[in-house]
């Protein structure tokens with residue numbers, strides 16, 4: 001079943017709404033103060049006059065619109081970009097220090113250049129004075145020769161050195177000079193020493209003759225090595241005469257005779273008047289007192305010398321004319 005309908009209330013019986021409050025009138029807006037450069041329009045019109053639009057004065061700076069970069073023209077290179085990153089800021093103190101450091105660096109470079117230049121000039125001067133100037137030139141009057149012996153002529157040695165007169169000593173070719181001196185007759189060896197500032201000292205080792213060999217034009221003087229030193233017309237005094245032919249066949253016999261003469265003591269060598277040899281094992285010596293010494297070969301030289309000196313010193317051998325020491329262990333006298 002439906003519920004019974006509600007009874008309707010007539011309009012007159014409804015409660016009426018409360019009366020609305022009257023709205024407040026808005027307060028009139030105060031006129032704004034005139035700006036600088038604007039004229040007061042209140043004098044010309046009332047407050048209800050429409051506002052006048054002002055124009056920009058000449059004193060106002062109107063900012064320019066921002067410039068938008070356009071695309072680069074054709075054919076132009078790449079547009080450089082502004083550097084990025086922090087921009088260095090150098091104080092005045094740092095700038096002064098950098099300038100001072102740069103000045104010191106330039107000073108060091110300049111000093112090195114000056115020092116090297118001075119050193120180069122000094123070196124060039126020394127080289128010129130030593131190698132090309134006459135300050136150290138050879139003076140023949142300052143050449144000293146020693147060791148010429150009885151065969152070498154010192155004047156010939158000095159003449160060889162004088163060919164280099166005026167040549168600075170550092171540039172002097174002593175090797176070539178030595179070869180020239182060795183080519184002189186009777187010179188066995190030579191040493192050359194510079195005597196600053198202008199001289200030379202030449203020390204010779206001469207070939208002293210130890211025997212004379214008869215030849216067609218006189219007597220050939222031979223040294224201990226069999227080298228012909230010079231030739232004399234007459235028989236030299238104090239040298240034994242070696243009766244050995246100067247040819248290939250007599251070379252061995254001559255060498256044996258010279259070995260014997262070189263081995264003799266000075267006192268016994270002075271008593272030898274003549275030496276003969278047909279082979280290297282048949283060497284004989286004739287002493288100045290007329291005694292004959294049969295020496296034999298070139299072996300046991302020291303023993304033969306002692307045996308010969310002992311035999312000659314014995315009183316009972318005063319009249320002996322032959323001393324055979326070819327076999328020194330069993331000598332024979334007669």
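Count begins at 1; order follows the chain as displayed.
Cβ atoms here come from the backbone N, Cα and C positions, even for glycine.
Any TrEMBL annotation is an automated prediction that lacks curation.
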So which range, 65-88, 89-112, 113-136, 137-160, gets flagged transmembrane segment in TrEMBL?
113-136
Mind looking up the mean pLDDT for the domain 'Cell division protein FtsQ/DivIB C-terminal' (213-324) in the predicted model?
91
